[in-house]
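Database features, via TrEMBL:
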| type | residues | note |
| --- | --- | --- |
| ACT_SITE | 369 | active site, proton donor |
| ACT_SITE | 400 | active site |
| ACT_SITE | 533 | active site |
Ligand code: F6P
């Protein structure tokens, strides 16, 4: 799409929001006291997610203005442009169609882009992936010595790693006994060394996952893994030390996922054992493509399809719900409200679910690689601040680490709290006499009590009079006051199922897109990661001892490399 972005800062809604911000006195205590319908009015359902926005620093007028802003920047048109395959990734001249990966089978009319039946392509590849996953799970697919696979090692980085790892951890309770997955991403040799440690080469299957199949880390790690496999099989007497035996081992122990199938073949992986996707799927939007192969094997193709169905549920909500009740739209607009009108620099995501411990890391790539931009999609400078820093840790660990700053620091830190009604592991706490500990015998309930308490404390705080009423010495009253008015969104769902997880991921994909549209940026390219990659290759000879390359460096880089060279043992 070549239309110029609307400059949000020139819209009448933006001016209205500035005026409104200057007039607004945040008063969550007062707002809730005066308005018994506030929680209900500002809570929304999206699929299985119940989303309570009421503890945000927003009134009905705020939402009216934000929704007007969405209209003025033509958000609905951009949403349609994405879903219908327009080339909205302008700088790479590509369509953005991760939503096509999870369209309902048999949807009419089929999605055709540039004359290609996208639905048919997606269905064919998903069927291939499912068939392969079934073969591995049933033991029909074996290693070179005829043993079934017990460990899958996914080798990838960025979007070819973070999504699979995050989902694997999130759905771990669905794992079948006797099958595990591991993940290698970092080019630090420690990663591949520690991940392969203790593995049985005869029962290990490597998945080399790389959209481009040109990523330095992934190809290096794939070669290291291949060498480990060969050495370990030979050492165990499982294969002869010959080229043909080694090649046969690669055939049984390596498969690939990529959009560059020619490069896969050059690595020595049989194209029949390679699973494809398309350039219209961005790396950070690809966990629902064949990049999820490790997940389809670990959990089974049915579970993988449930995950896709969850994505679809949120896609349909995003595409069809009125803006006023559209959860990704409202959450994206609130992020704009805080970033551009409250000088918020960061955004915390706090899952009250240990299974989601990698979710913040996953979101960091999704949000920051997408919206960390200074130019708009037409090449002009952005006209306001963009991309916040996303971060977080699971509750309650975060409570004992950084929540102090969220409760009493000087900055506005919007935070999303995520929780699930039904635990994966319902455990009961007993004392030494076998009696259930009260309160909190049901440990999940104790956990959720923390979830509910935190957003309440952040919203409503504690006044000096309340502190004094506890008999606190006057000198420390100020230190014990909580100002309140700290904005949070609560997202709660029945349980962390594959479908709910898909809904949650798609929610954040669409929130990210909404923000990108308001800021007029291309949320689907990532040129900012290129320079460092290129320089690393240019500098590598200096690190390995080439003095001419060393001399060509700036004085800081030269001194750092010289330090390395003189201290390497
Ligand atoms: O970090 C840049 C990036 O291109 C990401 O967008 C991508 O997810 C990652 O590298 C890995 O790329 P690939 O899947 O092509 O190996």
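Even glycines carry a Cβ here, placed using N, Cα and C.
What TrEMBL says about a protein is an automatic prediction, not a curated fact.
Non-local neighbourhood of the residue listed as 'active site, proton donor': 158, 284, 526, 528, 529, each in the same chain, at least six residues away, with C-beta under 8 Å from its C-beta. Each residue contributes its Cα atom, and for residue 533 (active site) and residue 400 (active site) these two points are 37 Å apart. Taking Cβ-Cβ distances under 8 Å and a sequence gap of 6 or more within the same chain, residue 400 (active site) has no neighbours at all. Every protein chain shown contributes to the tally, and the Cβ of residue 533 (active site) ends up with 11 other Cβ atoms within 10 Å.
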